[in-house]
Protein chains: 2
Amino acid sequence: MSESSARARALSGDTATEITTGPIVGSTKVYLPVPPPGTTPDGAAPTVLAVPARRIQLTNGEHLDVYDTSGPYTEGTETEPARPDVRAGLSRLRASWRVPDAAPTDRGTARTQLAWARAGVVTDEMRFVAAREGVDVELVRSEVARGRAVIPANRNHPEQEPMIIGKKFAVKINANIGNSAVTSSIEEEVEKMVWAARWGADTLMDLSTGKQIHETREWILRNAPIPVGTVPIYQALEKVKGDPAALTWEVYRDTVVEQAEQGVDYMTVHAGVLLRYVPLTARRVTGIVSRGGSIMAAWCLAHHRESFLYEHFEELCEILAAYDVTFSLGDGLRPGSIADANDAAQLAELRTLGELTQVAKSHGVQVMIEGPGHVPMHKIAENVRLEEEWCDEAPFYTLGPLATDIAPAYDHITSAIGAAMIAQAGTAMLCYVTPKEHLGLPDRDDVKVGVITYKIAAHSADLAKGHPRAQERDDALSKARFEFRWTDQFNLALDPDTARAFHDETLPAEPAKTAHFCSMCGPKFCSMRISADVRAYAEEHGLTSVEAIEAGMAEKSEEFVDAGGRVYLPVASS
Amino acid sequence: MSESSARARALSGDTATEITTGPIVGSTKVYLPVPPPGTTPDGAAPTVLAVPARRIQLTNGEHLDVYDTSGPYTEGTETEPARPDVRAGLSRLRASWRVPDAAPTDRGTARTQLAWARAGVVTDEMRFVAAREGVDVELVRSEVARGRAVIPANRNHPEQEPMIIGKKFAVKINANIGNSAVTSSIEEEVEKMVWAARWGADTLMDLSTGKQIHETREWILRNAPIPVGTVPIYQALEKVKGDPAALTWEVYRDTVVEQAEQGVDYMTVHAGVLLRYVPLTARRVTGIVSRGGSIMAAWCLAHHRESFLYEHFEELCEILAAYDVTFSLGDGLRPGSIADANDAAQLAELRTLGELTQVAKSHGVQVMIEGPGHVPMHKIAENVRLEEEWCDEAPFYTLGPLATDIAPAYDHITSAIGAAMIAQAGTAMLCYVTPKEHLGLPDRDDVKVGVITYKIAAHSADLAKGHPRAQERDDALSKARFEFRWTDQFNLALDPDTARAFHDETLPAEPAKTAHFCSMCGPKFCSMRISADVRAYAEEHGLTSVEAIEAGMAEKSEEFVDAGGRVYLPVASS
């Protein structure tokens, strides 16, 4: 019901694109004011900032505000949802924010969050993400300066609401979308972005290929409230008609400039696939499974030359620094199977990524490091340990990893196991995996399942790491569950619509949502109900300590039997 | 297609019950001979045994045999599936097996696997499970003797194919089924059992309540190829019309005898919920969430007496010893939320379960220990450590645990994360959780998703623990994936039907199943394809070591460009 009413039809020009808008059921979009800084460096008035949040209204009068990635699309009400004009794009939130002077780097000056953080400058982006995370802004600045966190925010993507990726902050998740040679359209891709952000994607990677790659990306960027990442070599390969051997530094460079100009916030660059590492993959069970990695391996072999990405890496840094595009150093040799995990090829590349991290940072360019892939549980922590040691604790950004290979069609689950564990160990962002992984293209439902599954993994890690806000939501939901506030339980869930639908399959009537039992046990056997009675009885009689209960309870037990005796609710079973 | 053809209609008497039969697609049921023992104690001819396996046939002429729990239902072919008579029940496999003389225990003698193992007797059940696991029979005997593994096999359930639960063996999973006061029928419950076993449930717990509880259980037991567990207090409570305060030892005892007579293989007994522990739950976020635990808590409070289960525990041991029913000592005070994990109530009960474990074993009764529940990741390992320390390493059998509370409708996933981790830490059996947990009654699809999800968790743990056979299947599937043997990839998957269906959504045509690309990247960008080309090229030119590739490859790179150059397949994109 709420889903259908929330799907407004945003008409723009002659293209009718259906964009999902309106609040998530039970919630309203709010903007919380950010405290102004004590002073600004030049004494100017500080920018007025407000961070988005989703306010979940509870039936007991309380509310819970949760981190929100959905952008302006969830403004309005169920009956009067937001009606964005996708052709015009989102408002340019950051256009009026302060841009500090260029800050010094080892190789000159740069206008990047890293360079500013190192120079002690607190940017509006840092203030925004600090308020969004509920942490002190100095923690943000110092982690960015240390290179242990990044704020991917291309100056040409002013529409985005800044966010931070780093192990000291909430674990983030990325959703991939992209048309392919086989199916899908531009309009579908924009809606997929809105849809992924709605359910909690913190960033989006546009992996589109094909003829309309530039236009698709433009639509996505102008409408994206979240940072957008790309893999520029895909478009570069299009430009040389799909022939890896025909790739050149110049074609690649021009592609990076084109995408940086459009506003791409971070780029995957497979600069660690070196010529001498390629043979290390020859005896693998699954060879090279990264598209970018295999393209670069093919180029290296064809030319018997070192990777042009590696050889021109400093020039690449200069381009990225000019826009404050963040590097996502790709793991082109990541394992594609349990058998290949943590092998020589993977680890050789990781060492090279560590070397490139130093080069990028010396140019003031922010860096994160991509990680696997397919890794059995006992080899997961080692990935984080080596990444932190070799890459100077640059934020780790991993795909899963899948903890087993034997469950295609359930790889969102096989990978959520690995993702939760690697995030607990320190990974800062998790790239989602959908149920269609290895099998086909994810549709709308798959994208949602992938995002929700990864929110579970990320949140589980936040709990395990003791993130200060994480347990609030667990406690609120469990309290609602114990008190039979069904509606609150649904609305506090990551996916209220599905939770409600599952409940209604068995007990569809509206009164069941206030019933003090559920369909699993029926009215007579409800442990929650019995437990509530036990608690009420114990508290009423002061039996809240071992001492109290041991101090003569015989007469009280008689009262308990007299006062109702049967602790289940005398509701007739249907 | 295979699903519908596999659903035979087993007509029995005047009741038409639809039971799912016939092989899983791509597989055939085989029975592998068990080597006879060197000698039998009395010189008699050894029982001829054969263990069931599922043989997955591959298109390259190879096959892989995997552990199989599905029973005779998967015999036959797709077109001529098995047609069991559910009214007659399965054949009584173990009826002809050797029953050794009673072996001495601390309190007399017993005919249990534990008593025999301690006396050095190798039973047919031990031989069977050793062959089924692919381990030496002495490992089985010694682990059972040590109390670190159990073989739940009531002598009155001869239909079952024995299995072993212990940390040195493959991690097992349990599926729960049960009618409820609100919905479902006996026929549905039997089919749910067959369905759960088909997809890999190692044991089944029948949690039925209501008027037909005895008859439902009889149908399930007579048709179950896997061990069946129950929670006798549910039926005992029925007998006193749902009033916990009216429960007595005598009613409970008679219920246990009734169920043991029927052939129940293991029973959950909440004998650790002591009077003095009840107040420890009063300030919890979610109180007591175990049905059995809340019933016993209510009884203790109502009578202000110690639990009759605790006080009569030795008599209970005598009954269970007589049938070789295994104890599953229930965690009636398990945490029902992240907030309550590892709290005083939970740990107090666990210590008492340790005490009861010693008592049970002194009677020759096999024991496992139930565990939580809801536990954040950083508190999971502690549960295993304490259980092993306090309960003398009796097999741990946990429900999940759920790593977060915030995702009702996805609790198969929240709990698979915890389940995989706790199994890696040493838990021997995992009780599944379906997507309907906390919300409603699982239907057929939910049962399947729950079982597959838990097979993933269990298998991931087997890999992490280095179980000797585990990685064979990962390697076979990954090899098939790399070689574009799509059909083999599907058939090696835990759920071949869904894997195939997901693939066919995007690329439905039959030729796509032999295509050297897939829908994710399309023909031009396939990394697997490029990687295969890289490998072929590297091997052809002897470039399989770092030395070789560094030793002058310039001329060879020219050959590579000449010999096709473009490493993608020149298939026209659609």
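Every residue gets a Cβ built from N, Cα and C, even glycine.
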Quick check: of A:N156, A:N176, A:N383, which does TrEMBL put in the same substrate site as A:M205, A:Y234, A:H270, A:S290, A:R291, A:G292, A:D331, A:G332, A:L333, A:R334, A:E370, A:Y397?
A:N176
Report, in sequence order, every one of the binding-site residues (A:Y234, A:S290, A:G332) having a CB within less than 8 angstroms of a CB belonging to chain B; if no such residue exists, report 'none'.
A:Y234, A:S290
Select one residue from A:G292, A:G332: among these binding-site residues, choose the one with the most other Cβ atoms within 10 Å of its Cβ.
A:G332
If we count other C-beta atoms within 10 Å, could you say which of the binding-site residues A:N176, A:S290 has the fewest?
A:N176
Determine the C-alpha span of the substrate site listed in the record, that is the greatest distance between any two of A:N176, A:M205, A:Y234, A:H270, A:S290, A:R291, A:G292, A:D331, A:G332, A:L333, A:R334, A:E370, A:Y397, in Å to the nearest whole number.
20
Per DSSP, to which secondary structure element type does A:G292 (substrate binding site) belong, with helix, strand and coil as the options?
helix
Could you say whether, by DSSP, A:G332 (substrate binding site) belongs to a helix, a strand or a coil region?
coil
Counting other CB atoms within 10 A of each CB, which of the binding-site residues A:Y234, A:Y397 comes out lowest?
A:Y234
Within its own chain, what residues at least 6 apart in sequence put their Cβ under 8 Å from the Cβ of A:R334 (substrate binding site), listed in sequence order?
A:V289, A:S290, A:G293, A:Q346, A:E370, A:G371, A:P372, A:G373, A:L399
In the predicted model, what is the mean pLDDT computed over the domain 'ThiC-associated' (A:49-97)?
95
